[in-house]
Structure formats: C-alpha cells, structure tokens
Amino acid sequence: MDRLVYGSTGSRHEYSHRCWIGVKREINKQTNIKPAETLVNLVVNGNWTPQEKALHEARLKAKAKRRLRKSSSRDSNRESFSDSVSGELSTDPHSPKSKNAVNDRKSRTGKGRGLPKKGGAGGKGVWGAAGMVYEVEEPDAKDPNYDESSQGDTVYATVVPELDERELEKTINPIVQEYFEHGDTKEVEMLLKELNLGHHKYEFSSLAVSLSLEGKASHRELTSRLLSDLSGKVLSEKDMSRAFDKMLKELPDLILDTPEAPQMLGQFIARAIADHALPMSFLDCYKGKVDCDNARAALDRASVLLSMKRKIMRLDNVWGVGGGQRPVKHLIKEMNLLLKEYLASGELSEAEHCLRDLEVPHFHHELVYEAVVMVLESTGDTALQMMVKLLKAFWQTGLITLDQMNRGFQRVYDELPEINLDVPHAHSIMETFVDLCYQESVITKQLRDSCPTRGRKRFVSEGDGGIVKS
C-alpha cells in the first residue's frame with residue numbers, strides 16, 4: 001500500500017478522503033471486487049480485527065470465483081446456438097440456425113449424449129415416433145374416464161343366489177300349497193325357473209310328494225300331473241330318480257305321519273314311469289338290493305301296477321277321479337251310500353270322513369236333500385232323530401254351510417207336492433222334522449217359516465147335508 005503523507009496543503013477532511021480512495025484501490029487489486037461493494041463492506045465492518053478481515057477476504061474471493069464460473073457457462077451456451085461474435089441471439093427469424101435452435105429437442109443443459117428426448121417421440125401433443133402402430137386397447141371398467149354408454153349395447157343380467165337347504169323348503173312349500181288350489185302347472189314352472197335351485201333341484205319332487213301324502217287324493221293326482229309336466233322342462237329323469245330314491249330311504253319317517261306311505265309311494269313311482277318322468281330301468285336298479293321292508297313294499301306295489309297296466313300309456317285312475325271331476329250321478333250315489341251306512345252304523349266320524357273325501361263342498365246341498373228325503377220315506381222316528389243329529393254335527397263343524405243347508409231344504413220344499421204322491425203323510429213329517437232342526441239350531445227361523453203346510457178342509461155336522469164350509 002502506498003504511503004499517505006499528511007501534507008500542509010488542504011484541510012483535514014480532504015486528507016481523509018484521499019486515504020479512503022487509496023484503501024479502496026488496493027482492495028480492488030487484491031480481491032477483484034467492485035468499488036461499490038467494497039465501500040459498503042468497509043462502512044459496515046469498519047472496526048475488524050486482522051483475523052476477521054482475513055476471513056472476510058477469503059469469503060469474497062470464493063464468491064467472486066463462483067460468479068466467474070457462472071458467467072463463463074452462460075457465454076459458452078450462447079456461442080453454441082448463435083453465430084453472433086458478440087454473444088447476442090440472431091434477430092433473423094428466417095435463419096435456419098435459429099429455427100433448429102427453437103425446435104431442437106436435444107438437451108440444452110449440456111448433459112447426455114446429444115440424442116432427442118424419448119427417441120423423438122416425446123413432447124406435448126406428440127402421438128409418438130414416426131411409423132409407430134398402436135394396438136386397439138380394451139376399455140377398462142375401472143378407468144375413471146370409462147363411459148359405459150359409449151361402449152355399445154350393455155346387457156344387464158340379474159344374479160339370483162342359490163337357495164340353501166333351509167330356504168329351499170320355506171320357498172317351495174307355499175308354491176306347492178298354492179298349486180293344490182289353482183292346479184296350474186305352467187305357473188309352477190314359471191316360478192321354478194325364476195329360482196336358483198342349483199344342485200338341490202331334485203328335492204322339489206320329494207317335497208311335493210311328501211306334502212301330497214299328507215293331503216287328499218286330489219292333491220296326489222295334481223302332484224302326479226305336475227311331475228309329468230315338469231319332466232324334461234325343469235326336472236330331468238336323473239332329478240326324478242334322485243328324488244324317489246331319497247323318499248324310499250325316508251319311508252320309515254314318512255310312515256309315522258302317513259301309515260299308507262309305502263303303497264302311495266309305489267303308486268307315485270308307477271304313475272311317474274307310465275308318464276315317462278322316470279326311466280323304465282328305475283325298478284330294475286333295486287332288484288335284490290333293498291333291505292328295508294317298507295321300501296320293498298313300495299317297489300312291489302309299483303311293479304304290480306305296471307304289470308297290470310302295461311298296455312295303457314298312462315295310469316290316469318291310479319288315484320281315482322277326485323273332486324268336481326266326478327259325474328253328478330256318481331256323487332249322488334256316493335252320498336246315498338254314505339247316508340245308508342250312517343243309518344246302519346250310527347258313526348258320525350266315519351260319515352264326516354267320507355264326505356270330506358268326496359271333496360265337493362259346492363255339492364253338499366245334495367247331501368241335505370237326500371237326508372230329508374230319506375226321513376220322509378222312512379218309517380218310525382229313528383231315522384228322523386239320527387238325521388237331525390247328523391245335520392247338527394255337520395253344521396257345527398262347518399262342513400255344511402248356511403247356503404248349502406238352505407238350498408237343500410228349499411229343494412225339498414219345491415218338490416214336496418210330488419213327494420206327497422208317494423208319501424201321503426209327507427207334509428206332517430216335514431213339519432215335525434223342520435221344527436226339530438230349528439230347535440237344534442240347524443236351520444234359521446226364516447227357513448222354518450217358509451216350510452209349506454197342507455190346508456185342512458172343515459166339514460159341518462151330518463145334519464148340514466155334508467156341505468163343506470169354506
């Protein structure tokens with residue numbers, strides 16, 4: 001540092017200023033720092049120790065080197081894509097070098113091998129490299145942008161869960177019970193197709209037969225028709241075979257509720273074979289292989305029926321003709337036989353059982369008519385008392401309704417003049433019978449009052465000449 005001498009000329013303030021200028025120049029030579037920056041540093045840190053001053057100078061040197069390194073890298077980048085000697089970008093927009101610099105996809109940081117990004121297939125709005133062929137991608141339903149309506153026709157399928165053993169019986173029992181009322185096999189077929197029975201499909205046949213064993217003869221006839229109509233549509237021969245095989249094994253339990261179960265099951269098997277619901281070889285599979293006496297009795301019954309009816313395609317009468325399908329003459333004959341057996345035995349329970357087996361509640365007025373006619377044609381009071389007791393029992397159990405009772409008596413009232421030709425005392429007997437029925441609350445007061453009475457002719461004494469008084 002040059003030596004500064006305090007001269008005689010100038011003021012003290014001028015001397016101090018020249019000293020600061022000298023210090024500034026010396027620092028600029030050693031640290032290569034701009035004058036404004038050096039002045040600020042000295043003003044702020046005017047009272048430094050030698051160690052602090054040396055440390056600060058080292059920091060300034062390092063900072064100057066970093067700035068020099070950055071400025072040199074900028075100059076080299078400008079020279080790489082510009083043909084200007086002064087380092088400025090070319091201002092000619094039609095220059096081929098300027099176009100290449102703007103659209104060039106090479107790395108501008110000086111790194112890498114100088115190849116374009118992603119092989120020239122990258123960048124915004126770029127479909128890919130030239131000549132690239134994309135395969136058709138299947139739409140992903142899990143894609144957030146998946147549009148179901150734009151994927152063509154959509155088919156919706158209803159998935160019905162398979163019924164387990166517990167739900168199977170709860171679902172099938174109401175279907176069979178309703179079928180016993182309407183007798184429409186197509187409705188049952190439609191309901192079964194809506195259910196997913198799965199591998200328990202064969203159990204429908206066994207449940208239907210079990211319910212019919214506890215019911216009436218007409219129920220068993222309807223069940224045989226149902227199995228015949230469902231065969232080949234909903235149930236296969238294999239399903240039928242499994243169902244009857246299961247029932248043969250369960251016969252010991254079925255006998256507890258239905259003692260005639262072996263004979264009835266044999267009739268079901270024979271009817272199913274005749275209707276081609278069961279294969280003809282079903283009975284042959286059990287020859288010499290059955291240890292249960294009940295199962296053997298059922299198979300023997302089926303074999304006997306098939307041997308007797310081998311020339312007939314269907315065993316239509318295996319359950320008899322039930323309900324309203326019977327002719328009217330046959331029903332009248334059955335009711336007359338029922339009343340005669342009752343007059344002979346006097347068993348009310350047997351008469352009630354026989355009337356229920358006929359399954360013609362709409363025709364019970366015929367029983368009332370036949371009972372009253374028998375009373376009119378009988379001799380003595382025995383038949384009269386027993387018929388009053390019979391009608392009273394049927395009235396109390398609800399087997400004969402009010403409408404059927406009134407209709408039966410009214411039919412007798414209408415035919416009483418014709419009956420009187422064969423039975424002269426029909427009117428008096430009818431009046432006595434009607435009064436007893438009213439006392440036992442079998443008929444109403446209105447029905448009793450409507451009973452026809454025979455008018456009596458009054459004669460005068462012999463002295464009047466036999467003139468009849470009006």
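In case you wondered, yes, glycine gets a Cβ from its N, Cα and C as well.
What TrEMBL records for 61-71 is compositional bias 'Basic residues'. The compositional bias 'Basic and acidic residues' feature in TrEMBL is assigned to 72-81. TrEMBL lists 85-101 with the feature compositional bias 'Polar residues'. Summarising the annotation, TrEMBL assigns domain 'MI' to 167-288, 330-453. Residues or ranges marked as region 'Disordered' by TrEMBL: 61-123.
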Subject >> Counts by DSSP class (helix H/G/I, strand E/B, coil) across the compositional bias 'Basic residues' (61-71) >> reply: 11 helix, 0 strand, 0 coil
Original post:
Can you count helix, strand and coil residues in the domain 'MI' (330-453) using DSSP?
Top reply: 100 helix, 0 strand, 24 coil
Subject >> Tally of DSSP helical, extended and coil residues in the domain 'MI' (167-288) >> reply: 94 helix, 2 strand, 26 coil
Subject >> Confidence summary (mean pLDDT) of the domain 'MI' (330-453) >> reply: 90
